[in-house]
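> These came from TrEMBL, pasted as-is:
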- T109, D137, D167, A168: S-adenosyl-L-methionine binding site (BINDING)
Amino acid sequence: MQSARSSSSRLLSLARHMIRRSATNAANTGRQTAGADAGAEQTTHFGYQTVKESEKEAKVHEVFEQVAKSYDLMNDAMSMGIHRVWKDVFIERLGPTHGMRLLDMAGGTGDISFRYLKYLANQANPQQRQSHVTISDINQHMLDVGKERARQLTQLPNCSIDWKCADAEKLPFASDSFNAYTIAFGIRNCTHIDQVLSEAYRVLQPGGRFMCLEFSHLPNETMQWLYDQYSFQVIPPMGQLLAGQWQAYQYLVESIRRFPRQDQFKRMIEQAGFAHVTYENLTFGVVSIHSGFKL
């Protein structure tokens, strides 16, 4: 009997020891996992790929470095020239006036800024008010293309132009520096869209306007399917034929699909602090114009 009780006692003691040991191991594993999670770098999307946040900027930079010289040609080919109409409408919605200070982000090749200058040139300026545009892009190659194009333009009197290589998420400009901010076909390539919007809000003066032109999503499912077929089956091969760049244009198509829908993006702009936020679909929703004010 005593032997049986002794054996039972030893078994119970051994069981308790194993439980404590398991608990200790589990706790240590949990701490190690938590530590690893805490130290792990956040990931984001690069098209349909999942990459580390620190890698995305370099990958996007490489894409636009590759396509810089053929960027305008490919825009014409991919959109059948309609991108020019979208940009004209974008500037009309902005309605530039003399005395405006515009920050054109992701504006490297100058498409938006040159339209802004042309719009001002067609307006009387009896008070000779001084206007300004800062053309900024994270990619110097895109800015170089824009500068070369600018040399072929007639300089508009009473309007100054600056060129600045800068990150939209960490702008080097003082707060309340501009009264208009535009970004066309650029924000979807940024890692932290919320930070881009926050910086846009910071550098705008009270009463300043934020405007974004970006590829979007078609509300009609059948048309969206047709658009997808064109995007994935035609655009990358076209990029290869015209620019020798399949993967770059594959990324551009994928990045469009990963961008928030119109209502989602509208909420993001509102969360950044902007008021009276609206959007307008162009070409059935292939692109949309979002607008908001800093009040």
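Glycine residues also receive a Cβ, built from the backbone N, Cα and C atoms like all the rest.
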> Measuring CB to CB from D137 (S-adenosyl-L-methionine binding site), give everything in the same chain under 8 Å that is also at least six residues away in sequence.
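Looking at Cβ-Cβ distances below 8 Å from D137 (S-adenosyl-L-methionine binding site), excluding near sequence neighbours, one finds M105, A106, G107, G108, L143, G146, C165, A166, G186.
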> Looking only at T109, D167, the binding-site residues on record, which one has the least crowded Cβ, with the fewest other Cβ atoms within 10 Å?
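Comparing Cβ neighbour counts within 10 Å for the binding-site residues T109, D167 gives D167.
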> For the S-adenosyl-L-methionine site as recorded (T109, D137, D167, A168), determine the largest distance between any two Cα atoms, in Å, rounded to the nearest integer.
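Binding-site diameter by Cα atoms for S-adenosyl-L-methionine: 16 Å.
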> Within its own chain, what residues at least 6 apart in sequence put their Cβ under 8 Å from the Cβ of A168 (S-adenosyl-L-methionine binding site), listed in sequence order?
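Within the chain, A168 (S-adenosyl-L-methionine binding site) has Cβ neighbours under 8 Å at M105, A106, S136, I138, I183, G186, I187, C190, V196, E199, A200.
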